[in-house]
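Undergrad: Take this structure, written in structure tokens, and hold onto it; I'll ask about it next.
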């Protein structure tokens, strides 16, 4: 039926780097380096169930096709899948010279010529947006005469295509090969996100798209777009264009137009990725104040305005009129069911005009945190009227603001995050974890291991509480990253988080992870992504840029 | 005579980033951001003497020329300068659309149309290689009718061209402008190097050239090429081709051919940069052993060879025969007067065959460090016969090896490096400093400041001793960097070292440095180099890659 080769030998051919293993595990050196190759090859994140046999097939770029299965509920009109077929064909054969053989070339007896993609549910969701309840499961069977990828919805099919592409390797003659394999897969957590910050540094669209592309390679499904902050307001609002006109680093070159935003959302959708924008208030809003008069609280020096500003002004009705209009726009621009409202790190050092009648009328006097809660409460009510759910940073919960039952509380404060998870879930709220995954905090050596070793459910709580943890996000805050260094700094460090959020809880073998991740990173490099190295090693095809 | 504009306003136009200044100095916020602009604009490293007037001139790509002064000893046959003129013209006008005006266009009264480059010494050294004694000084006068750059040798002219290009800025209408300026400049230290490591990760030639280019923008003048190490041997030796055939990560795709090496050396020479190769022995040589039988010391397990190897085998005559031939080749391939011989971190954990007669004949028995000294001593004698000087890591000095008077001792061990500098110079040896400048050791936030604050002469010693410190090197060891992330990780962090080694001792104002360096980094970005940001900010033209 086929050529069989020892699986470990195949792995060596795929991109297994000698130097890398010689040096990684000093104290467990073995004579046979192949003993350290993962039996799961370069799969990342590791699927829930994998069976790889020693039977292998060849694939050629001239014969191999990805096609819709006859029974599939998604046909040629599903451009999401058609696009994905092209994309994965390119990933799999892009670096291979086309053989230019005629279509009538006889294929060998052990050649795999087709992957059939079969959407099994009547509604493929091809034209929908992904959501937190999307079915992302799939089953993959690689065998002759056809490989078959079955998934209830397109979302699972996208993940299955990535997995299929990860099963390919080059044998010792450079021929593309794949072993007979059976995979059954689904994510452990529904919310697997990356936060990028386009305020501290503007991120050109090209950079955002490249990272969405890479997110899909790692089965991430949420792009948390921290789009504005103190430093700049690059979001071009149709309702309030002066916000970016005045608040962006540059009103033309450093903004996201409505067309840009639309493109990002569609590019993400085609890869099964949700785009959740964050418009963080009432703190982190210095840039908002530049284009919107009276939006920020004026700070006082004695009885006079000092010329500087604090958070969003919670005592003016105009504030809520503005927020009402603004979030109405946001609710139509961003299709996702959720919007992130921030609410973190409100700076209370701005001395306010405590003796004015308007302040006294609020009844809060100097209790700033109550004032913040007052603001947030009204904001949440406003956003609720737009039919959106909301995510908020943990402080909003900590301050006792009344939240809708479907609120997602985002735990980010390091030290005590387990206790926070316990509290949030005890109160019945859904939560996601970011505290251990602040990837902007770089350090020397292999910090991916630290991210990898996190267990999100490692807090005291009932089974019911644990079910409220729907996932997590790796955050790359923007103080020190822009187009020059963001991508290599994020990958493959974020890949460690990807596997933690996708794979089974017991997938914790750090050596196996190192081996698979090393190959996964070389695969990203080969696909044009400057993912940085884990340690001394090489990739068969090094990055072509500088 | 000319249009005059407030200099601070000009700086704002050049690429002065609002966000960056708003946030950098929290406690010294001022109302007028231009108060923080450096009066030295974007000059980096800061020249020794600078006088910038408020008189400004315009430059246009259609009229402006860089030409040899009539009196210059270097004419059109000096391709080093002709290449440099083209390079700097491109840097200065590359992003400007050519106006396509005829040559007879009348230039305005305040337009600067020519920079004359005048090599004043009878021997321009145009076709030479730079050396540690090269004269790198220059004088630059920007005024009408011509700007004049005077330098005794081409090396100073190259630096002066970079400085001239740094004086250009765009006025508020985007017009290229330069202020009337007088500069007199020379380096504080003669040896200003960058160490790159092409063994732990192979660095494609493209990456090396891009970094040489960037070194020139920072007035670095030594590329310390740590070309081979334990992990791989990418140097293709004509005499011993099996070294890379067996010892490189890949014998064809991950090697430096003789043509590659030649190209690197010439590319560097054209930018006034010396290439000093390091062939580190007797430790760090695992990769050498793969292609050269009996070169390494076999380790023993009891009375049997264990199959692993220690450092270069110091007791076999064949070792010295090999080194003799090898370094003869190196002395012809690399034109620099110095070669770096390493000698650091010799691993003594390999149990050797202590009872064999050959060991006993050396008289060293188990005294490994003496054995190392014995080896190094013989190696130094061999290299001396090739008419090269040598650099060595500090351990060789520490171990009491007898060194030639012109030896350069490279101080790298952190903690006690001041004491080491004191000892080395007290013994009368020339030294360079790297201990505080291990740029591979990354950490969160603005670590460039730490590198900037180093004072190399801050050790106890006489004036004579201090004169023996000829400079330093920023080292970017290769464990965690390759083509994907090397360039943004190196720049602009290495720029901090560049200014420390070039500028006057009293150039230590960290705020002024921040402002100049922010603009310098945006200039590098504009020239296509992905130099990472210092802090929240933007560049007028962001990096175009990902």
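Counting starts with 1 at the first residue shown.
Heads up, the Cβ atoms here are built off N, Cα and C, so glycines get one too.
As listed in TrEMBL for this protein:
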type	residues	note
ACT_SITE	A:345	active site, proton donor
DISULFID	A:78-A:126	disulfide bond
DISULFID	A:299-A:350	disulfide bond
DISULFID	A:522-A:539	disulfide bond
DOMAIN	A:43-167	domain 'Beta-hexosaminidase eukaryotic type N-terminal'
DOMAIN	A:189-504	domain 'Glycoside hydrolase family 20 catalytic'
SIGNAL	A:1-19	signal peptide
Undergrad: For a quick check of understanding: among the disulfide-bonded residues A:78, A:350, A:539, which residue's Cβ has the most other Cβ atoms within 10 Å?
TA: A:539
Undergrad: I need the most crowded of these disulfide-bonded residues: A:126, A:522. Count other C-beta atoms within 10 angstroms of each C-beta and give me the top one.
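TA: Selected residue: A:522.
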Undergrad: Mind tallying the domain 'Beta-hexosaminidase eukaryotic type N-terminal' (A:43-167) by DSSP state, helix then strand then coil?
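TA: Per-class counts: 29 helix, 31 strand, 65 coil.
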Undergrad: What is the total of other Cβ atoms whose distance to the Cβ of residue A:345 (active site, proton donor) is within 10 Å?
TA: 13
Undergrad: Including all protein chains shown, what's the count of other C-beta atoms within 10 A of the C-beta of residue A:299 (disulfide bond)?
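TA: Around the Cβ of residue A:299 (disulfide bond), 16 other Cβ atoms lie within 10 Å.
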Undergrad: Rounded to a whole number, how many Å is the Cα of residue A:350 (disulfide bond) away from the Cα of residue A:522 (disulfide bond)?
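TA: Here the two Cα atoms are 50 Å apart.
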Undergrad: Cα of residue A:539 (disulfide bond) to Cα of the residue listed as 'active site, proton donor': how many Å, rounded?
TA: 42
Undergrad: From the Cα of residue A:345 (active site, proton donor) across to the Cα of residue A:78 (disulfide bond), what is the distance in angstrom?
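TA: Computed Cα spacing between residue A:78 (disulfide bond) and residue A:345 (active site, proton donor) is 44 Å.
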Undergrad: Going by C-alpha distance, which of the recorded positions A:126, A:299, A:345 is nearest to residue A:522 (disulfide bond)?
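TA: Among A:126, A:299, A:345, A:126.
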Undergrad: For residue A:350 (disulfide bond), which DSSP three-state class applies?
TA: coil
Undergrad: According to DSSP, which of helix, strand or coil covers residue A:299 (disulfide bond)?
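TA: DSSP assigns residue A:299 (disulfide bond) to strand.
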